[in-house]
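Working notes, beginning with the structure itself.
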């Protein structure tokens, strides 16, 4: 039997149109390490996509859905052990531990390289290594960047075709010496000769590793979502945030939307919310009854890359080309535009299958179907669910859909120059304390709001606060460097723009989730959030009033347009009030965060907290 070192090198099959010698040498190195049976260079064509989908249907990874119900759409169901991002197996391997900071998992880069070298040795044996070139952002945009992912998963290839600008055109932009982020991914399940594959190969040992200084990503053991689609959180946030730190721009966990007034004035807003706070719903918001003439358009629902433009303003692109959204809870009531987007050309993962070859998930309809095949391939009925509590779809079940199919897509969504941002919005899920909406008085106060935002991880009992998980800027799992340095980067960027005379975006903090004495949400949310958005835009134009609070500026009841909605002043008081004892407790919690981050914390943040305390004492 041949020793591994004696294995005949695999043919690289480099296409004539690939001219980048550094890229070719890297592919050769990784192929020598991982030892795939063959190497395929992906061109991003429809024919390639269809062929790989059919290959996965034959292999049991995917199921073709009823074309009369969901044209050209598929359902994939993962291994039950491989269903979500694995934060505890996600590492930032900066040269110095302090550059990763206390909120990231750090490992020494040299030791990690040795560990991964052992795991990746022969990891693709029996499989195909796909070379997946992709652009994050419109091809050739000054805000865009290129990556190349080497993966042994055809599921990754087809998802990357939807989620990024993937294929041959990327090599034209890359040329012979262009910069790219190298991404290496393996499901970690090599096949011996004659060994039968499984429907969803993965490995109990998982690593998602980032090397900030060399801009590399290595992922082992998972075929799912952000662990395997390395353009998404790994590149577009963790690596890109470090690039932004070094180059003077921002990579943010933010939606981007356009808002056009009845008079034709257009605004652009970027908003950051942690998971389960309605980011995709807000990105695709439909103005409610009574707000005729207003229009909301979608540029992105998850990630924004933001760079200072020649005009001194901050310009943003959505670096993605698709939506990788959470399915459960999505319905025509909660997100009509998303449901319209999902009618064709979609890959669903870990949702349930109906008897007529369509998909279903919790929250899609008021009444579930009488019978389903659940995400684990088992029979499911409402009676079984009532008896066992078993969900038909996994709570983190996903859809992958082309952005161009979104009915509310903004005509500027692929503008290579990006769109100029007028306002930033930050929000969490809090049943008490945090008002419906607050405007920061200045950039520093806005950074403070974003740095201290959080969401309750447990349902709050009546009169009690839930356990609050701080999620600064909604970036806690995604910031690729020290969180204190990240705050400082925001502060410095604001100062630098102010010094040039630029108009900075206003910063707002929102909370749709305040509860009343009955434990129910007071604010109706969804489309009605447009009323809050309209107040913000009125503030930008100097047309809307506001009331000074200890913590920023909030609207009075009369400052909100209530046309078409019955919402009493008493209810409004429940969602806008500032409870001083609760805020004293809140500031103590802010202190806990600042203590954790004390080593490099910018002094502007404790000074802002002190100013809030002074106003409370006045």
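Even glycines carry a Cβ here, placed using N, Cα and C.
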**Item:** Swiss-Prot Mn(2+) site partner of 233, 302, selected from 253, 268, 289
**Value:** 253
**Message:** Among 85, 534, 539, which residue does Swiss-Prot annotate as binding substrate at the site that also has 224, 225, 226, 275, 396, 397, 398?
**Reply:** 85
**Asked** DSSP on residue 275 (substrate binding site), three-state: which is it?
**Response** coil
**Fill in**
Rounded Cα distance, in Å, between residue 85 (substrate binding site) and residue 233 (Mn(2+) binding site) is 10
**Prompt:** Per DSSP, residue 398 (substrate binding site) is which: helix, strand or coil?
**Reply:** strand
**Complete:** Within 10 angstroms of the C-beta of residue 224 (substrate binding site), the count of other C-beta atoms across all shown chains comes to 27
**Sparsest Cβ surroundings (other CB atoms within 10 Å) among the recorded positions 276, 277, 397** = 276
**Asked** Using an 8 Å cut-off from the Cβ centroid of 233, 253, 302, can you name the remaining same-chain residues around the Mn(2+) site, in sequence order?
**Response** 226, 232, 236, 237, 303, 478
**Asked** Relative to the Cβ of residue 225 (substrate binding site), which residues of the same chain, six or more apart in sequence, are found under 8 Å away?
**Response** 84, 85, 232, 324, 349, 396, 398
**Request:** Measure the Cβ-based neighbour count of residue 253 (Mn(2+) binding site), defined as the other Cβ atoms within 10 Å of its Cβ.
**Result:** 25
